[in-house]
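Engineer: Sharing a structure below in structure tokens format, with a few things to ask.
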Amino acid sequence: MYPFLSHSIMQLCRSRAMGKSGLALVLAILISFQGTILVRSDASDHRYKEGDHVPLYANKVGPFHNPSETYRYFDLPFCVKGNEKEKTEALGEVLNGDRLVSTPYELNFRTEKDAKLVCSRKLKKEEVAQFREAVKKDYYFQMYYDDLPIWGFIGTVDKEGKTDPSEYKYFLYKHIQFDILYNKDRVVEISARMDPNSVVDLTEDKEVDVDFRYTAKWKETDTPFEKRMEKYSQSSSLPHHLEIHWFSIINSCVTVLLLTGFLATILMRVLKNDFMKYAQDEEAADDQEETGWKYIHGDVFRFPKHKSLFAASLGSGTQLFTLTIFIFMLALVGVFYPYNRGALFTALVVIYALTSGIAGYTATSFYIQLEGSNWVRNLLITGCLFCGPLFLMFCFLNTVAIVYSATAALPFGTILVIVLIWTLVTSPLLVLGGIAGKNSKSEFQAPVRTTKYPREIPPLPWYRSTLPQMAMAGFLPFSAIYIELYYIFASVWGHRIYTIYSILFIVFIILLIVTAFITVALTYFQLAAEDHEWWWRSFLCGGSTGLFIYGYCLYYYYARSDMSGFMQTSFFFGYMACICYGFFLMLGSVGFRASLLFVRHIYRSIKCE
């Protein structure tokens with residue numbers, strides 16, 4: 001199903017970083033099975049002689065404003081000779097919706113063609129209507145030539161001087177000009193231009209004769225082969241884009257400095273006063289009534305309700321955090337260069353599978369610390385907490401894609417590969433991590449003893465309840481990242497290219513810092529109000545940024561994008577729900593860990609009876 005790459009196995013097995021671990025072998029087998037390596041060369045690296053055949057592959061067509069709604073190129077009635085061959089795709093490329101197939105265009109190396117006839121066709125009324133509907137929806141096509149992407153629109157709409165849509169005229173381009181740059185024996189750049197003077201009118205439902213032609217122009221360039229992908233990177237780092245990016249960084253840094261400075265000053269002064277007060281109370285009469293967070297020292301480390309679910313949430317969040325860090329490491333070393341087809345999806349699948357042991361270990365060890373007994377059920381909850389909703393959403397969206405006959409619908413073979421990865425790698429590692437966590441036998445480190453019976457929580461004002469606190473906790477981290485969110489959305493759900501991963505990593509670090517600080521501050525205020533049920537609250541407050549990001553999805557869809565249609569809408573909100581849920585788990589675990597460190601610190605600093 002997928003080609004075997006022995007070279008990738010040799011590279012990974014020689015790796016010192018992973019040579020002593022069984023993960024290297026698992027990763028090598030997985031990557032070979034998928035037919036791709038994460039760090040892929042910039043292109044096919046083919047050298048050609050004059051007249052050599054260089055295949056041109058057609059990838060997909062679809063509405064320009066609906067990135068998820070793509071179809072096979074030959075779903076439209078273009079010229080077909082009958083000998084077209086599908087290119088073998090790796091797992092990540094299939095997940096990306098790529099379906100490459102050879103075309104009848106013959107672009108031999110350094111061989112010029114002038115208005116070469118591809119085929120003459122008489123389009124039937126149904127085919128004319130099919131093309132017209134595609135032109136009306138602003139269909140574009142994507143091709144690949146020597147691993148270089150090419151785009152173009154299949155037609156144009158004449159709206160000049162017409163106010164009524166029924167008066168619009170629809171034209172199909174029938175002549176493509178390929179402009180190809182080469183450096184000695186290598187292809188460096190290619191672009192496609194549609195001839196506006198060579199069109200066919202599709203406005204009426206009647207049979208039309210069409211002569212599909214193409215032109216190939218070759219020109220030598222000094223651009224070295226190694227830099228041929230730079231033009232795609234530069235499109236995302238234009239001066240005005242960089243200025244806005246850096247403005248967002250400065251804005252976020254100022255937010256972080258003000259917030260951390262404010263919180264650090266307030267908390268340090270308040271805590272200093274608290275420590276002095278409690279120290280004086282100890283020297284004063286023993287019958288003096290305790291108030292504030294010291295008053296609940298016997299309840300603050302009382303284990304939370306639903307501790308199995310809590311431990312599973314912490315384990316899944318930790319795994320997703322580790323996954324994110326690994327993805328950033330690959331991005332910063334240049335793995336995800338523009339149009340390295342499927343590399344990101346391959347990395348996500350492989351790294352998620354290999355980090356499942358972290359989820360199992362974290363969840364089970366913490367569950368055992370919370371004196372849980374049914375660790376097997378806890379492990380099952382951990383395995384299903386994120387994968388379960390993701391699987392259900394995939395089933396629904398894949399069904400939608402099948403109904404639409406879109407390339408987003410995964411073939412049975414690809415689904416089988418994913419199931420095998422989950423069965424043979426993810427699940428065993430999850431169980432092994434759980435067994436290791438169970439055998440760690442670590443005890444929960446609480447600096448004060450917990451009383452037998454919990455104190456009653458005093459009545460609190462409405463703004464100290466869970467939802468207002470979550471709104472407050474999520475707003476500040478979201479305000480630090482919302483400018484960068486637009487560029488990420490425009491890249492994932494549009495046709496822009498995102499390559500400035502260093503800026504994105506800085507924003508991610510800022511997000512973690514702000515999330516940790518605001519959660520710690522809210523935890524302190526909660527304890528000061530003598531509310532000792534801070535465990536779930538800190539997790540929910542830390543993860544609430546994910547809800548704000550999903551709210552931004554609504555704004556982006558309706559105000560910043562031109563997406564439309566049931567399929568695109570369901571794909572956008574469906575997969576973004578899964579991503580935001582992942583952010584919720586990841587940032588929730590960060591918020592809880594920060595709060596746990598803080599609570600342990602302050603109760604270790606005072607003397608409690």
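The backbone N, Cα and C atoms fix where each Cβ goes, and this holds for glycine too.
No curator has checked TrEMBL annotations; they are predicted automatically.
As annotated in TrEMBL:
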TRANSMEM  244-267  transmembrane segment
TRANSMEM  309-337  transmembrane segment
TRANSMEM  343-367  transmembrane segment
TRANSMEM  379-404  transmembrane segment
TRANSMEM  410-432  transmembrane segment
TRANSMEM  470-489  transmembrane segment
TRANSMEM  501-527  transmembrane segment
TRANSMEM  539-559  transmembrane segment
TRANSMEM  571-599  transmembrane segment
Engineer: Okay, the transmembrane segment (244-267) and the transmembrane segment (309-337): do they have at least three CB pairs under 8 Å, pairs separated by 6 or more?
Structural biologist: no
Engineer: Cβ pairs under 8 Å with the transmembrane segment (343-367): which stretch of 379-404, 410-432, 539-559 has the most?
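Structural biologist: Of the candidates 379-404, 410-432, 539-559, 410-432 scores highest.
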Engineer: Would you kindly list the residues that approach the transmembrane segment (571-599) from elsewhere in its chain, counting only those six or more residues past its ends and only Cβ-Cβ distances under 8 Å?
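Structural biologist: Counting only partners 6 or more residues beyond its ends, the transmembrane segment (571-599) has Cβ contacts under 8 Å with 68-69, 300-301, 313-314, 316-318, 320-321, 324, 385-386, 389-390, 393, 396-397, 400-401, 408, 473, 477, 493, 511-512, 515-517, 519-520, 523-524, 527, 534-535, 538-547, 549-550, 553, 557, 563.
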Engineer: Please identify the stretch among 379-404, 470-489, 539-559 with the greatest number of Cβ pairs below 8 Å relative to the transmembrane segment (410-432).
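Structural biologist: Out of the listed stretches, 379-404 contacts the transmembrane segment (410-432) most.
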